[in-house]
């Protein structure tokens, strides 16, 4: 008789249960079907034993599902680390590592066809230095490296030269990319360089295609795996290098439980297997930048663009005295480019026609019935749409509050800008590219190719076109409204604005020295705007970090955000206050831990649920102690009736 410790994907933090097994075959690290209450569940065996507590009557497993182990010691190590950090149970964590596991629902990314994997024979001095520095660092047993390279500096070539070196030594490579659906064309390009031993995971794969790619990696039949966030759990047989491109991107953080960050999981794998992790970005996250300053990550600068490329000139336009959405400066620059038969890219990170519909009589704004946010007017559909939950209703013609017919649309989205452009440039070919106009990957790809061929004069888009796209003949990019992300109440608003504007600016000047960017804003003195204008990243990072240090916000502390939600407002409020009261007592003895009072979330209602936040902050070494107390608390926690609790460690969004 054997006794098996089985990890089950249950909602509770405690998920380990012991079962009996009478067979001779080892069940370790295999899936088993077991009875659980009145249900049947599938779990993973993490321990085998010949003895158990004789006073307990254990139930028998139904069967062993797998012929061979589907996880390994590394998988279990990561699952346990995730439990201690993210407060997610081991069974749920392990389910992410099973090759046949369902892909993450929110991992559907925008299209990008920017990666050029054709081998560059003549490396720049920056590229040579980066490769040499990393290879020397590996010899010195360093594990964490960061390519701090401007857009167009050739970081991709450095990644792939390192990958070649690892593969020549018989080991495998994990190449993580954010929110990118890799086309078959890219796969073909990679395969030319690495033969056919390349696998790509993206959201368009069928479950069987995804399973085959992961099993090829597990068996060692493939050398390199390219994928988005969830690929970080892939079961490699001999992993030798992890590449994490565009490290600053928020899409590396899962917004569904378990709310892990792929960067942190990659660091765990690097630590466990003693292999290098090479990260890179033109705009490092403040967390990684801080670690570079402390010497915990080796920084390699790549300050120059490859070839003839230069960083574009930046012009800031003060929109406080302008009429309309297109300033005279931007109009004149566009006209000049268009007269010279050049294409123009315009960026606005706000889709729809207008931000909201407001009553001019009582000043009320039409809000989503499911969420506490205004509904966006989509003129081409004649409907109001909630960008939080997707709720859609016909356009209303009278105020629901006072009955007035005097309604006005406020703010501007890509639809309204498209309308203005058609009036300003009636003879020009204008194309809008956002998630409303894009009807599929082929439409997006065809539009971008048409723009590249000169069949489109003005390309207007949202974040979909802000990064990763290269158009050698385009020398002008216009940012319609740089303020959209500045007014977020999140403490990272300036950081995100700087990141986005730097990425937008990176669309021009990659191959020549006449690129220019015009940024329209009402916040001309904002530090992020000023830093982009001066191309002074170091000054911006230093100033912003000093402000965060003064208030002890990340990266000088770590946060845990607890969200209680309920369809009944009073239930959510009462449960949040109960948790606050109990945790305040448990954490009061730990120096450096703050428990902020529970209160309504910034988006108080989302998808029909009222939401209350409880924010915990920890400085220095107190974070580990805080997590231990939280783990103990949530192991026995039972949510009040009609309430649900969400735990988010190191949140990237606290709205």
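Even glycines carry a Cβ here, placed using N, Cα and C.
Note: TrEMBL annotation is automatic and uncurated.
The feature domain 'Helicase ATP-binding' is assigned by TrEMBL to 136-302.
Cβ environment of residue 362 (Zn(2+) 1 binding site): 399, 401, 402, 404 lie under 8 Å away, each six or more residues apart in the same chain. Among the features that TrEMBL reports, Zn(2+) 1 binding site is placed at 359, 362, 399, 402.
Residues or ranges marked as Zn(2+) 2 binding site in TrEMBL: 368, 371, 386, 389. Using a 10 Å Cβ-Cβ cutoff, residue 371 (Zn(2+) 2 binding site) registers 22 neighbours.
For 394-551, the entry in TrEMBL reads domain 'Helicase C-terminal'. Mean pLDDT for the domain 'Helicase C-terminal' (394-551) in this predicted model: 90.
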Whole-number Å value for how far residue 359 (Zn(2+) 1 binding site) lies from residue 386 (Zn(2+) 2 binding site) (Cα to Cα): 18
Any further residue of that chain within 8 Å (Cβ to the Cβ centroid of 359, 362, 399, 402) of the recorded Zn(2+) 1 site: 361, 363, 364, 400, 401, 403, 404, 406
Environment of 368, 371, 386, 389, the listed Zn(2+) 2 site - residues of the same chain whose CB lies within 8 A of the CB centroid: 367, 369, 370, 373, 375, 387, 388, 390, 391, 606, 607
Packing count at residue 359 (Zn(2+) 1 binding site) (other Cβ atoms within 10 Å of its Cβ): 21
Listed in sequence order, residues with CB under 8 A of residue 368 (Zn(2+) 2 binding site) and six or more positions away: 374, 375, 386, 388, 389, 391
Rounded Cα separation (Å) that holds between residue 371 (Zn(2+) 2 binding site) and residue 359 (Zn(2+) 1 binding site): 19
